[in-house]
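Pulled from Swiss-Prot, these are the features on record:
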type     : residues : note
ACT_SITE : 119      : active site, O-(5'-phospho-DNA)-tyrosine intermediate
DOMAIN   : 31-495   : domain 'Topo IIA-type catalytic'
SITE     : 39       : site 'Interaction with DNA'
SITE     : 75       : site 'Interaction with DNA'
SITE     : 77       : site 'Interaction with DNA'
SITE     : 88       : site 'Interaction with DNA'
SITE     : 94       : site 'Interaction with DNA'
SITE     : 118      : site 'Transition state stabilizer'
């Protein structure tokens, strides 16, 4: 035997072989045929059971026998894959109408594996036999099996639209399919209407076929998605569980789930909901129980007293498989190729298949009727000359000679002569003659009817309609899935997602933020906070985990951080830098932080910059749903910095102090509310080379503490300040010196909450009590606190 060696590139060989493989798995494995809705392995299983007599009216047989028949005759693949496909056809949570009845453990909605095939027993369901009905009447084409030892059908007659009724799911090379199951009665009714009017629109079809009907029930939302899928083959719907509310004896409520979305694993759903409870992702759930038994599916979610059950339900819809998106992708094999098909195309392909099936069956029955008619006519003729026929047969040598004599003497045909010589003596009675004549009339009528069906297309369609109506009447069932027109927007109260807990919020001047339990805070004390060298506490306060923190930076931006998203860190430990929560620029500095409980308020923020700009914006403007990046709070011009952010419940006085010792006080009522992207208006009329060092709210019981670069502290009372108008130059608070004049590097309004100050020089920190600093007159430079010759100039001051 000579070898043929081909010189081919690896690229060409791989491309060719993968192309063949792809075509094979598309056509022979993963995608259903539009005509019978079956993949090849499913078709082979059903045909093997039918041809071996494993039908609904017989006893159950071991599944292993069927698997062996399928592998041995039609499907030379692994036994597990065949058994898996067989089991799926018996699972009433996967198929709207099961095609195989199975005794024994056939898996569960919890995705438990079925018992081994040697333990389970199966037989065809009654409805499955409608897929195979008339297969022995030459209704469909047969091809040789894999080893040419027998024949198998290319497609089943499929006397109902199985593709739509039971749906299909599968993945192949370059293609996937997701066709949902539907209600059998609705699908048949839509098919009947399509037969009556082939130009019927999708909208008109949807009067009869409302949408998918999942075996697990559930609630389907989104008629627009259904319509889009029925028109184009692709669409999206929402499927949510059926949830009811019950009240227990102790007054608590519980959510009862009796239906879940299609192909959702029940045990995984229960586990997920319980994880949300255990991880405190949702507050208000006491216990989650799977109470499913033989009476049906039931999941109980017991709630705490006085919780918002609707919000908990909505949270679970959004964060578990209690609600899912189902995406239609109606791809099926049509004319040997995968096609994305709308519902009209699917029904049309099915109808064309039925026309062919009924026509082939009618031809088969007509041929048999005509053959029988021919025999009956021969028998009637023979009985009319019975004595002569008997005499001729008795004088013949054998059966063959008798047949030849009948053909030659009385002009019977070969078939008629065969029937005559095979006729038994007891049939030669008057009763039998009458019966033959009656049969002859019936055959005449049948042949006439069959020819009419073949010659008249409308008559053929009427046959299809009658048989579909019979199946509808016999197998119809109520719809399981409820359809709602609109997709409901899920609204979740924050109280449901986050357990309410009072905690301590802290922010350092270097940007380290954390939340700490009250217990940890009380066990340590304020002074024991974890800090890096050179850092200090900017603010700390008691907040709730359901609150929101707004962190403002010198760039005029703010970070929106829900308190519950902050790391829970002990008071003595270092916090988390804000840049790890929301990315900020390297030179961006935190200047203030505020806590918001409710953005629906009349409160407002005031923003002041170093170059003397000021702006007022209401709190509700700062509410957002974006947590992942900094947001604009105010526009800060080039070469300027935001130095102060204040929050007020109502209009009040603010004081501005500049580096050269100027001060201006006016009411925030002079500021108009502006948007977040506005830069604001002029706050104070600055001298040349002067800049703002402080803008803070002030009241008549407050004092102001100022620090100069020369190490001096000056404290003045509110009465020195003069209330004026915005954008004026203000009053002078320092005595001007010709040589080495004092310049204010920091200033703060001192309220009853403040008792200490900290002065920072280049190489030293100086701490002291604010009350030790006596109040000064307007035109003084205060008292020297730091020796700048030893420690350098003062650069900053904080109060606490």
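Just so you know, glycine gets a Cβ as well, placed from its N, Cα and C.
Sequence features annotated in Swiss-Prot and their locations in the structure.
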residue	record	DSSP (3 states)
39	site 'Interaction with DNA'	coil
75	site 'Interaction with DNA'	coil
88	site 'Interaction with DNA'	helix
94	site 'Interaction with DNA'	coil
118	site 'Transition state stabilizer'	coil
Revision key, fill the gap. Cα-Cα, residue 94 (site 'Interaction with DNA') versus residue 39 (site 'Interaction with DNA'), nearest Å, comes out at 15
Check your understanding: Looking at the recorded positions 39, 88, 118, 119, whose Cα is closest in space to that of residue 77 (site 'Interaction with DNA')?
Key -> 39
Check your understanding: Within 10 angstroms of the C-beta of residue 39 (site 'Interaction with DNA'), what count of other C-beta atoms is obtained when all protein chains are considered?
Key -> 20
Revision key, fill the gap. With neighbours defined as other CB atoms within 10 A, the best-packed of the recorded sites 75, 77, 88, 94, 118 is 75
Revision key, fill the gap. Rounding to whole Å, the Cα atoms of residue 75 (site 'Interaction with DNA') and residue 39 (site 'Interaction with DNA') are apart by 12
Point to revise | residue 119 (active site, O-(5'-phospho-DNA)-tyrosine intermediate): tally of other CB atoms within 10 A of its CB | key: 13
**Study point:** Alpha-carbon distance [residue 39 (site 'Interaction with DNA'); residue 118 (site 'Transition state stabilizer')] in Å
**Key:** 24
Point to revise | Cα distance (Å, whole number) from residue 39 (site 'Interaction with DNA') to residue 119 (active site, O-(5'-phospho-DNA)-tyrosine intermediate) | key: 25
